[in-house]
Amino acid sequence: MIAIIDYGINNLDSIKNALDKLSIPAVVTCDATVINQARILVLPGVGAAATGMNNLKMLGLDKLLTSEVRNGKPLLGICLGMQLLMDWSEEGNVHCLGFVDGIVEKFTDKLKVPQIGWNQMQIIDVQSPLLTDIPDTSDFYFVHSYFCNPDDKNVIVGTTIYGQPFCSIMKQDNIVGVQFHPEKSGKIGFQLLQNIINYFLL
């Protein structure tokens, strides 16, 4: 069973519906017992990093997620959820969960932000099981003004160009982050979700 972390941030129903369509059991929850019993955790979210971290802390979920991840439980971060996996975000100058070394940066002021719409993902790690049956330069749906810049570039699975190349998929041990919304990216997004779940269940 997958636990979709409910921390008062939108975008929970869309990922739940996507997993339902893939016949993958999932529940939206902030209950510690349910999260502890789940095989996989999903941290979705849209909005500001400071709000997201504040909500996680108020619910005690920051410490719970840290414990679960350090014990090896798989975690998928989507959009804001991916950004919260990093050490620190320029958005509000907030310390994040610190699961992946690196920072979250804002796109240059020369670009229109947020980036909203479809954009291509260029495959970096051609051997990654996350990208099975995902063609290079596949289109995914993005809504964001900030992007992750991990210290270790080896965790980058795929990149996207918006004014500059940025990390749009990353994988580090039991952690996967995607900057786009796979649940809103049609057939190719559903394939990616299935690949991620399959990878976590290996």
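Each residue, glycine too, has its Cβ placed from N, Cα and C.
Model, not experiment: these values are computed from the prediction.
Over in TrEMBL, the protein carries these features:
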DOMAIN    4-187  domain 'Glutamine amidotransferase'
ACT_SITE  CYS79  active site, nucleophile
ACT_SITE  HIS181  active site
ACT_SITE  GLU183  active site
Euclidean distance between Cα atoms of HIS181 (active site) and CYS79 (active site, nucleophile), Å: 7
For GLU183 (active site): DSSP state (helix, strand, coil): helix
Segment confidence, the domain 'Glutamine amidotransferase' (4-187), expressed as mean pLDDT: 97
Sparsest Cβ surroundings (other CB atoms within 10 Å) among the active-site residues CYS79, HIS181, GLU183: HIS181
